[in-house]
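Sequence annotations record features per position, and here TrEMBL assigns compositional bias 'Basic residues' to 302-318. For 322-333, 341-356, the entry in TrEMBL reads compositional bias 'Basic and acidic residues'. Annotation source TrEMBL lists domain 'Serine aminopeptidase S33' at 67-170. Feature annotation from TrEMBL assigns region 'Disordered' to 294-356. Look at TrEMBL and you will find 189-207 tagged as transmembrane segment.
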Amino acid sequence: MISFYIWKRVSEKLNTKVTYQDSIDFENRIAKENGYNFDHLDLSGLDKPYKTIKTRFGDLNLFKHGNSKKVVVYCHGVLSNNRNAIKLLDYFIPRGYSVIAYDNFGWGESEKFGKCTLGVKEADLLKDVIDAVKTNLNPKELVVYGESMGGGTVYNYLHKYSNQGVDKFIVDAGYNSFFENIVNDSFPMFWYFMYLSYLFLPLFCLASKWPIKRFNRLEDFEKWDNVLHIHSKQDELVSYRHAKTFIEHLKNTHIYEQPTVHCLGIYYARDEHYKVLDSWLNVQRIEPKEVKPMETKTMKSPAKKAPVKKTPAKKAPVKKTQSKENKPMEVKPMEVQTIKTEPKEVKQETPIEPKE
């Protein structure tokens, strides 16, 4: 009965339909509870797919936020879809990253591929997404951010495809064994039946095609220096008890100082979460440049000099003779003087007689 109860409880979660609007409403509600909202974000990347890629399972839509050559691939968990990526935008976009989101196997539009396999086929889908991103975007830096089941997907990806081709991984409350996690998750409720739950639970898991074995050996974690694991001791979905068994072998881990719940440290411990990622990615927030309104410069006119008054030379007044009645002056005709010329007397010269 205990095995059946555990299996039934998990099955109900995995069979729950979650719409895009459900995911947006959830993120908005949690943000509002923490005095935060998404009004300042550019959410135009949700309007339509950036690209449709070919995967081994069929066509898959990718949604892109931002235009940077540094890229983060968001791998979500159960009861989620690509819309849950909005909580990452406030961190990554101002730090010079683009975010690529997609619907994981069995969720959102990817329900057409089949039911969720809790990290098995999801790892193969992640590989196809990473290959497509590298081919189409040729990123300057590639980061994979996996949360919850998406974190388990990352660990199975590392097991199957190694960590080549990805610069850094961020795992938020991921598991290494789904089976061990659900047993530990049920332990507080049925501690006295803990070992009895092992009798039939594996059979139920196998029948549902859920993973039983661990994705990786504990010694495998020691060689992954590009993986950061974040977890909360108060996590009730992926128990810290389970996570502790393998994250002790990782080189890079962070356990929240502030109490927070499963995969919501980005809200409930925002400052702490941001500082951890800043240190891990070696980045800092790029403050937008304030565009000041252009000042209208007033051209100053040179000081006006006092005008120099020129005193015109005084002309002698011209006396106008005018009758008192203001009549026009009478112009008298000019007298023409006749000059008499007396004829001159011409003397007759005596002719000179020629000499004989």
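Heads up, the Cβ atoms here are built off N, Cα and C, so glycines get one too.
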Note the mean pLDDT of the domain 'Serine aminopeptidase S33' (67-170), expressed as a whole number.
97
Tally of residues which DSSP labels helix, strand or coil - the domain 'Serine aminopeptidase S33' (67-170):
50 helix, 21 strand, 33 coil
